[in-house]
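Asker: One structure, pasted below without further comment.
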Amino acid sequence: MTVTYSSKVANATFFGFHRLLLKWRGSIYKLLYREFIVFAVLYTAISFMYRLLLTGAQKRYFEKLSIYCDRYAEQIPVTFVLGFYVTLVVNRWWNQFVNLPWPDRLMFLISSSVHGSDEHGRLLRRTLMRYVNLTSLLIFRSVSTAVYKRFPTMDHVVEAGFMTADERKLFEHLKSPHLKYWVPFIWFGNLAAKARKEGRIRDSVDLQSLMTEMNRFRSWCSLLFGYDWVGIPLVYTQVVTLAVYTFFFACLIGRQFLDPTKGYSGHDLDLYIPIFTLLQFFFYAGWLKVAEQLINPFGEDDDDFETNWCIDRNLQVSLLAVDEMHMSLPKMKKDIYWDDSAARPPYTLAAADYCIPSFLGSTVEMGEHSPQSEWEMQGVKPPDQPQFQCAESGSGA
C-alpha cells in the first residue's frame, strides 16, 4: 500500500522531517539494510585481515593496492550516471500514475446521455460501465503482479462479475495471438450504437462525446501496456548498476585505514569505522534502490500503485453513478446568500488568521504613502509637479 505522509509535512517547521526518519514501512532502511550489512561485514573482514593476518611485505603491497583503488575509484562517474538515471525513472513513474485509467468522465457521460429509468435502460448503462471496468481489469491484469495474483484465470474474472459466461465464450472464441484487452471496447461501441438506434441516446452528438471519451480511456490503457512493453533500455540499467557496485567494491579496499606510521598522504588517522564511506554507500546505493523500486510501480513494493484498490473503487463508484444516481436530483432551494450580494463564508476561530483582505495590486499602497503626503507631514509646501498630456494618436509630439 502506498505510504502517505502528506499531512505530517503540511507545514514547514523546525526539524519537521525528523518524524519521517523514524518510519520503517516504505523507508530507505527497509530497502537497503541487507546490502548495507553485507558492505559493512566485507569492509570489516578486509580490515581484520590487513591488521592481523598479513605479514609485513603483504601489508606494504595491500597499502599500495588501497591507495591505487582509492585514487582511481573517484574517476567512476557515479553521481552523474546515477542522478540522470534516477531522474529518468522518477519521470517515467509519475507519467504512469498520471495515465492510470479512471472511468469517472465516462460514467458522467453514460449517466446523463443514456436515458431510460426502466430495467432495460438500467441494464444498458450498467453493461456499458461494466465493459469499461472490464477493460481496465484486463490491462491491469497484464501489467500488475498483484492484480494477476487476484485474477489468475478468466474464471476468476467471470466469478468476480466483470464478465458473463456468454461474454467469456465470445472472448475466447476470438482467436488472436495478441492481448485482447481491446475486445470490450468493441462491445462498448456496438452497444452504444444500438442504444442510439433505440433512442436511448437521443442525440448523435452525445454518442460522439461518449465514443471520444471511450477512445481517451483506451489511450490510457494502451499507454500502460506500452510502458510495460518498452522499458528503460536494459543496457542503461546495467551500466548504472555496474557503476555503483564497482565503485563500492573499489571502496572496500581503497577506503581502508592504513598504518599512520607509514606517512601515506591522507592516512594520518586510524578511526577503524569508515563513517563517511558508510554514509556514501547509504546515499548512492539508496539512490539506486529508489530507482529499483520505482522502475515498475505495478509490483508489490511499499510504494507501488494500489491497482487492486483502483479496480474496487472504479467498479463501485461507476456502477453507483450510472444506476442509483441516474436522474437523481436533490430538491432545489434558495441558498443562504440569496439576498446577500457580498457572499462570504464564515471562519472558525482556528481559521481566523486566514481571513485577509483581497490583494488589489502592488501599487495600491502608493496612494497611502505618496510623496505629496510626506511633504505635508513635514509642514513644507510640496513642489509643483509638472503635468503632461498624452499626445493623441497620429499627432506630432
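The backbone N, Cα and C atoms fix where each Cβ goes, and this holds for glycine too.
No curator has checked TrEMBL annotations; they are predicted automatically.
Pulled these features from TrEMBL for this protein:
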TRANSMEM  31-54  transmembrane segment
TRANSMEM  75-94  transmembrane segment
TRANSMEM  242-258  transmembrane segment
TRANSMEM  270-288  transmembrane segment
REGION    370-397  region 'Disordered'
COMPBIAS  386-397  compositional bias 'Polar residues'
Asker: May I ask for the residues of the chain that lie six or more residues beyond the transmembrane segment (75-94) and have a Cβ under 8 Å from a Cβ within it?
Answerer: 227, 232, 236-237, 239-240, 243-244, 246-247, 250, 284, 287-288, 290-291, 294-295, 297
Asker: Which residues of the chain, 6 or more past the ends of the transmembrane segment (270-288), have a CB below 8 A from one of its CBs?
Answerer: 28, 31-32, 35-36, 39-40, 43, 47, 78, 82-83, 86, 240-241, 244, 247-248, 251, 255-260
